[in-house]
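Chemist: Reproduced below are the annotations present in TrEMBL:
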DOMAIN    67-314  domain 'G-protein coupled receptors family 1 profile'
TRANSMEM  49-74  transmembrane segment
TRANSMEM  86-104  transmembrane segment
TRANSMEM  124-146  transmembrane segment
TRANSMEM  166-184  transmembrane segment
TRANSMEM  223-247  transmembrane segment
TRANSMEM  268-288  transmembrane segment
TRANSMEM  294-316  transmembrane segment
Amino acid sequence: MPLETKPRFHLFILPCAYQQVSAMSDRGTDNHSEVTDFILVGFRVRSELHILLFLIFLLVYAMILLGNVGMMTIIMTDPRLNTPMYFFLGNLSFIDLFYSSVIAPKAMINFWSESKSISFAGCVTQLFLFALFIVAEGFLLAAMAYDRFIAICNPLLYSVQMSARLCTQLVAGSYLCGCISSVLQTSITFTLSFCASRAIDHFYCDDRPLQRLSCSDLYFHNMVTFFLCSIIILPTIIVIIVSYMYIVSTVLKIRSTEGRKKAFSTCSSHLGVVSVLYGAVIFMYFIPDRFPELSKVASLCYTLVTPMLNPLIYSLRNKDVKEALRKILGKKILLFNSILTVT
């Protein structure tokens, strides 16, 4: 939905300091002096397939870097994309880039490593940052659904209601909720006693595989985890569902077929992203804990596949992004041709 006024948005906000991670790591090491590092088992496949898996991870991660950095560059350099929707989309690319970077490099290193070890502090940091960014993405997707609701259901008030201040608050709130949730989740996980084994049956430090190593009573841990899931997943899903109920109701009242098609096209990309992320997360937590290999495959969907697909979904289905990309590429080609002409 085009805007009459285009406020200038500062693209990225990250309110959580790394000192919190370091503090938790120090406390964790004091409480569990018998555990200095963990072993990331990864995928239980033949060693000959490690090269293939490394190449697949490398290709996917390269696409994540190219897609998300490219998306952020396009949004920051094209003044026409200085709108609330692209402000949210730029932060989505930022989040996807960082939480995949928390997982992928270490997983690729372990395909070549004999020890496959990760330090206690490294494991704390990995779980903390991943939990922060994945929760922030959930709240950001809810904010994007609200943005589409205002754009379609109240278009005349869109520029007023979706002000630069509100958009900044929504994004900052997403990061803040992710930070608070991550602090709680990481704290209760690493106050457990790990006495069974050092081998984490996963390709990154995740909560469920770490629980399998614990000999502590998990009742309190499970209650806190259930509470966090309830206040994170349910509200965001409710906001998304209610927003789209109003959107569908409004779009169906549009008489022209072209108008309905245009309205739905502004939401289809967001719906695709929501479906991939929440589908993978829900599937992951419905899988019984006795099927760790299936859990790893489900984890791949939201740790690597979703960050890779998001830029493709938005760039291929969005005329503004395609035009901005075409404009940037045109300038590069023109510059290259001028250099060749001079030489």
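Cβ atoms here come from the backbone N, Cα and C positions, even for glycine.
Annotations in TrEMBL come from automatic prediction, not curation.
Note that this is a predicted model, so its numbers are computed, not measured.
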Chemist: Using a Cβ distance cut-off of under 8 Å, indicate which of 86-104, 166-184, 223-247 has the most pairs with the transmembrane segment (294-316).
Modeler: 86-104
Chemist: Do we see three or more Cβ pairs under 8 Å linking the transmembrane segment (223-247) and the transmembrane segment (124-146), pairs being at least 6 apart in sequence?
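Modeler: The transmembrane segment (124-146) and the transmembrane segment (223-247): touching, yes.
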Chemist: Going through 86-104, 124-146, 166-184, 268-288 one by one, which has the most CB pairs that fall under 8 Å from the transmembrane segment (49-74)?
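Modeler: It is 86-104, which has the most Cβ pairs under 8 Å.
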Chemist: Against which stretches of its own chain does the transmembrane segment (268-288) lie, if we need a Cβ under 8 Å and a gap of at least six residues from its ends?
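Modeler: Hits for the transmembrane segment (268-288): 92, 134, 137-138, 141, 144-145, 148, 229, 233, 237, 240, 244, 294-295, 298-299, 301-302, 305-306, 309-310, 313-314, 317-318.
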